[in-house]
Amino acid sequence: MIYQSPTIQVELLEDNIAKLCFNAQGSVNKFDRETIASLDAALDSIKQNTNIKALLLTSAKSTFIVGADITEFLTLFQQDDATLLAWVEQANAVFNKLEDLPFPTASAINGFALGGGCETILATDLRVADTNARIGLPETKLGLIPGFGGTVRLPRVIGADNALEWITTAKDQRPEDALKVGAIDAVVAPENLEAAAIQMLHDALNGSLDWQARRTKKQSPLQLPKLEAMMSFATAKGMVFSVAGKHYPAPMAAVNVVEQAAGLDRDGALKVEALAFIKLAKTDVAQALIGIFLNDQFVKGKAKKAGKLAKDVNQAAVLGAGIMGGGIAYQSASKGTPIVMKDIAQPALELGLNEAAKILTTQVARGRSTPEKMAKVLNNITPSLDYAAIKNSDIVVEAVVEHPKVKATVLAEVEGYVSEDAIIASNTSTISINLLAKSLKKPERFCGMHFFNPVHKMPLVEIIRGEHSSEETIATVVAYASKMGKTPIVVNDCPGFFVNRVLFPYFAGFSGLLAEGADFAAVDKVMEKQFGWPMGPAYLLDVVGLDTGHHAQAVMAEGFPDRMGKNGKDAIDIMFENKRLGQKNTKGFYAYSVDRRGKPKKDIDPTSYELLSAEFGELKAFESDDIIARCMIPMIIETVRCLEEGIIASPAEGDMGLVYGIGFPPFRGGVFRYLDTMGVANFVALADKYAHLGGLYQVTDAMRALAANNGSYYQA
């Protein structure tokens, strides 16, 4: 053994080829500070051993290296620029040491080689991947750019255009695609991986592979004619801005770094990259996006723990077909759990099956699936008009019309057809789980399971715990949601649960603006372009459906009359009363037509303005900051109330619910991250300016106390 540490072992193979194996103590290899220090020490040992003629990098795990240890980032990025620069330069010195070894080097890539893992293989001369490999630089998803030489070496290996696409889109690449552009040199079966990499090193040693020319190319300025460079970078900037926009600076920073470093050698280019990396690391956007990544891991970790208490779900059922039922059936069947789709009407069953088939057909057309896989998924869905079909189900998801009496009747019927230990869940968005539980003989096996529409696209599922729901019930439904490929958050029962409870104060803030004469299209523009929502409140209400919005608003007003009760009509009432239901009947706040691709296209409709002005008078202009404050303060305060009341268990789950459930702008990180970034004291001072508008704008005593103590919701 040439070198051994808790994360890396180096041994000498035949023909004086050294094998450096990444083998961290956890389930995967990551680049934390310990591993970088171990790699540095291992390379020193390798350099000192004069018998070594070549080096092979491998992994003892099922993946190569998944990237940097993100958990270290938030504390690391709190340090001053000089300390952070020293850390980046120290890490880069290690990668340079690997690249500068006096003999050929190769990487045998199994599974994921992402971020720092990808930068590691780029520092070697030769790269062989197995058929399961995935290679990429995902840093821009975290608001960063690669910091260990990714923007320097990748363009010199695969060309500027390909490298910019890889870096700015942050997508994992399949091995065949990586081979096509020259990022790797061969793709082999997993069982042949190490042998193929060793053979490549032999080819380098005997002169049939010019490893030194490959290395020199990586260490030299980018070979790109001036005119071609101008066109390449101008095109990349245009494409990046159209996709990322102004709120996500990392992709554009990556283009600028590659451009600025194009004429420099490796060491000069690495300095450009390091300075840009540090600048981005200090941004609120990076803090927010890294926070989302860590929150996602936290929520999924909780779901994994719940899995230990969960019962197996081998057969599921959904009651109520149609679009929602079809979406749930598709999601279950596509992830391997057969499901019965039960309804009382054949046309509804056909609609549900058509919904599943439509999703699958689109996937096949886009090359994301095959006709064989489509057939397998559809065969996993059994439509039925008979309750007898659900008798062997381990879980039944009720998804009938959103009406308490109808749901209660259906739930009582279901209990008579399933086994004693089958779990029953209601896909309701507003109806109290405790109320619905009264219709069951065994309420302990019942909870809420709130899917968001469209089911196949929306990652969140709210699992609602009723006062009688058992831990096994909650754990099983959480595990089933995870198995379906969803991110579950567990919330306690209250009107609107979590997501709708905090969404409707936002709509109330919007309605208040319109009642004072604000232009709904102007409000949408500010909330989309400046705050960063994917849709402004008027557009979102049209998409949700103003009938749905009107119903949910009434539920919220009844549940929280002090804050959400209304005096007189608001804009939602006016649209609903005039049968303007949104996209579903082509007219809401906006008018809708179908574009060439068959998608809804919105247009300004004068009738909406006439209806609103008849009630609220002439239009009046509002400042952008005023619009944002009027809409966001109610949502933020209500979200904090949910944490204080125990509706949600943690800021992390609250923020993930908002980002995944209603599209809260990821670059802001969620309400709690937004509050911490803004400063709780600053928010309280802002809210106090609007407190005269009513309870929705009045902060809680606990918020005021936190502000006075200069506290935060996330602990550093």
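Positions of Cβ are set from backbone N, Cα and C atoms, glycine also.
From a predicted model like this one, the values you see are computed outputs, not experimental measurements.
Record check, Swiss-Prot: NAD(+) site residues include MET324, ASP343, VAL400, VAL401, GLU402, LYS407, SER429, and the candidate from ASN295, ASN379, ASN453 also listed there is ASN453. Take the substrate site that Swiss-Prot assigns to ASN500, TYR660: the candidate from ASP284, ASP296, ASP312, ASP386 listed for it is ASP296.
Comparing the binding-site residues MET324, VAL400, VAL401 on other C-beta atoms within 10 angstroms of each C-beta gives the minimum for VAL401. Considering only the recorded positions GLU139, MET324, ASP343, VAL400, VAL401, ASN453, no residue lies within 10 A of ASN500 (substrate binding site) on a C-alpha to C-alpha basis. The recorded positions considered are GLU119, ASP343, GLU402; of these, GLU402 has the fewest other C-beta atoms within 10 angstroms of its C-beta. When the recorded positions GLU139, GLU402, SER429 are screened for a Cα within 10 A of the Cα of HIS450 (active site, for 3-hydroxyacyl-CoA dehydrogenase activity), the ones that qualify are SER429. Secondary structure at HIS450 (active site, for 3-hydroxyacyl-CoA dehydrogenase activity), taken from DSSP and collapsed to helix, strand or coil, is strand. Cα separation, VAL401 (NAD(+) binding site) to ASP296 (substrate binding site), rounded: 31 Å. Cα distances from TYR660 (substrate binding site) to the recorded positions GLU139, ASP343, LYS407, SER429, ASN453 are smallest for ASN453. A separation of roughly 23 Å, to the nearest angstrom, links the Cα atoms of SER429 (NAD(+) binding site) and ASP296 (substrate binding site).
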